[in-house]
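What Swiss-Prot records for this protein:
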{"type": "REGION", "residues": "1-24", "note": "region 'Disordered'"}
{"type": "REGION", "residues": "26-53", "note": "region 'DNA-binding'"}
{"type": "DOMAIN", "residues": "84-154", "note": "domain 'PAS 1'"}
{"type": "REGION", "residues": "171-192", "note": "region 'Required for heterodimer formation with ARNT'"}
{"type": "DOMAIN", "residues": "230-300", "note": "domain 'PAS 2'"}
{"type": "REGION", "residues": "460-486", "note": "region 'Disordered'"}
{"type": "COMPBIAS", "residues": "462-485", "note": "compositional bias 'Low complexity'"}
{"type": "REGION", "residues": "496-542", "note": "region 'NTAD'"}
{"type": "REGION", "residues": "830-870", "note": "region 'CTAD'"}
{"type": "MOD_RES", "residues": "840", "note": "phosphothreonine"}
């Protein structure tokens, strides 16, 4: 029994030994086969001898697939193959990247040996592995799109459907540091690779070896060259003369540019700062550059293809740009974009204009020649060269269109000295009947000889110290300024004169004297003043802060200057107008000659409220033409002129009693100072349907005074009924009794000589309408001899702007109690001897009658309405 057991045990052990020996033999044979297979790989012996079986299998399969690809694509000519073998080492040295062959499934079947130089990973470590194991997960979808072969037209972009070429960017793991050291794969960083190549299609086996007559599907692989993008801070090789650096914001606006761009493309670095790089790309390359910009923002680095950048003086150059996003080391946020620009060619098609920036060089030589016209300082030379300039621009209309202003630019009027090119007005004169020339027309004829001798481009002259006319309306300026709104229209169809309006906006609007500057300041203050409502029943308004009050207090004998107003800006004359226009004077002289007797005195109501009167009350002051820009962008309300007031001819027939104020002087036709200009009288009916109902501030003030008079007369009658006609007691009642007495006797106290408001005419006749109508006007200025009149002035504008500049005295209060200025009016008593309420700008804006003066609340009615509302 024991012998049998030993035999069985020995047999099993023998079988085990045999199996172990067989396995050992198989492993040795397998190792021998793998060893032989490893030696068959195109690898050095030092590398292949240390490979494990899995690596040998992976590399062998990759080699076989690569060999099949090469055999189906490349030629079998050995001579060419030998030449390629000799050039292999030179290729790798010349390339700035490595070669990779990736199958449709993503397996990297071939990688060049120099991959370790750029990525740190060796060829053996990566060959046979999937590309998705070493690339960024966000790039996998893009990699799959580039690996697949699209046959249908409904897939992807048209460019990929029609071509097998590929150009994309991917991020791959890199184990080499900036200093050249190699780290572990777990510590690897992402490096952007620019992959360019094409898709190759090949068969898996020859057609005659196909199984059962079925053809195997076509195999495709992607052959690409991967070029890593070098970081700008790690460039060791200095840039050549055909390369320049630039820094941009994240939206590709220039923040820095190298000086080399000037000699390469023509731009100066200062011209590019703040401008987008898209402004200088060729239109056909803008789509590719937009895609490159998107890749740059998503992946951090990009290399643009060859694109065209427009040169400054026409044409373009071919460029290639490497862009890198610089991140903030603190918060890892993108900070800017650094670009290395390689100029690949010279300027091509430099005679072709591709953008508006390149048009400057075409006109610059001509413009420089034109600028030389104005180098000479002589008047004759300027006149001749200005004619040459007009002829030059007329011959070249394209150049004239280039010099035309764009919307928003200032309009600068060009005056060529002699007006030989103006449109003739014979057409309008042939239709309209001849009329008597106005004063402005006579003046234009008298100054025509002087205008011909002026230079082509004149500088506005400063006005005289006593003149309130801006320099744009002086006689020394070559620009003719309209004096009335009718001058802005032609005589045929009342169309606006374009050339006159252009001159209006082109003239110098700066104030030349101190009065106009201070007046603008006062108008600014008026905007912030609140209306003053007294509590004692007397509705007197505050007067604006005018600098003339201080001047009048110091020099009572001097003629007060007029405050300018913002109510008359463009549609009012630019200078103070003579109170008695020649048209008005001629009219009254004709009436006096026809009657030969002194007419009867009309009642006050008929004088001031005659709606059908054609004579207008001469305004005391005008307004300088000031555009909105000089007022700080504030809107300036344009007001129509006051309705005409009719004065009786008797006010003008008493010229023999004027020697009392100024002394004796020879009689003659009255004249106006040189700064006074006349204008054609406008009718108040030309401003809408309001017509005669529109009252001027002076007329409103007069009506208020008449109401006050009636109220005081009623109170006086009440006092007489109570006290039997004796003056009532008390200071307030005593003053009221004095006022009623003065009103009854016709010798009411007048206001001190100061301007009531910037918008109310400072006319003593309107301030004292209750004066006896039979009293002569004794304070009219004497006429000047004809020799004192300047030849350029109008012979018909005679009267000075202030015919009633009389220094009246207030007899109701002593000089110590006379108040002046804003502070004194606030602190002083409200029963001051002002019988004419002062109107401010707010009164004129709020109390403008709309349908008639009868619908407005005034005085006590207004106070009662306000009390009921509150």
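A Cβ is built for glycine as well, from the same backbone N, Cα and C atoms used for every other residue.
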Exercise for review: Count the Cβ atoms, other than its own, that fall within 10 Å of the Cβ of the residue listed as 'phosphothreonine', considering every protein chain shown.
Suggested key: 22
Revision key, fill the gap. The DSSP breakdown of the region 'Disordered' (1-24) into helix, strand and coil residues is 23 helix, 0 strand, 1 coil
Check your understanding: Where DSSP helix means H, G or I and strand means E or B, what are the helix, strand and coil counts for the region 'Required for heterodimer formation with ARNT' (171-192)?
Key -> 3 helix, 10 strand, 9 coil
Check your understanding: Apart from its near flanks, which chain residues at least 6 from the ends of the region 'DNA-binding' (26-53) lie with a Cβ under 8 angstroms of it?
Key -> 59-60, 63, 124
Review point. By DSSP, how many residues in the region 'DNA-binding' (26-53) are helix, how many strand, and how many coil?
Key: 20 helix, 0 strand, 8 coil
Review point. Quick one: DSSP breakdown of the domain 'PAS 1' (84-154) into helix, strand and coil?
Key: 34 helix, 13 strand, 24 coil
Study note, to complete from the structure: Mean per-residue pLDDT in the region 'CTAD' (830-870) works out to 66
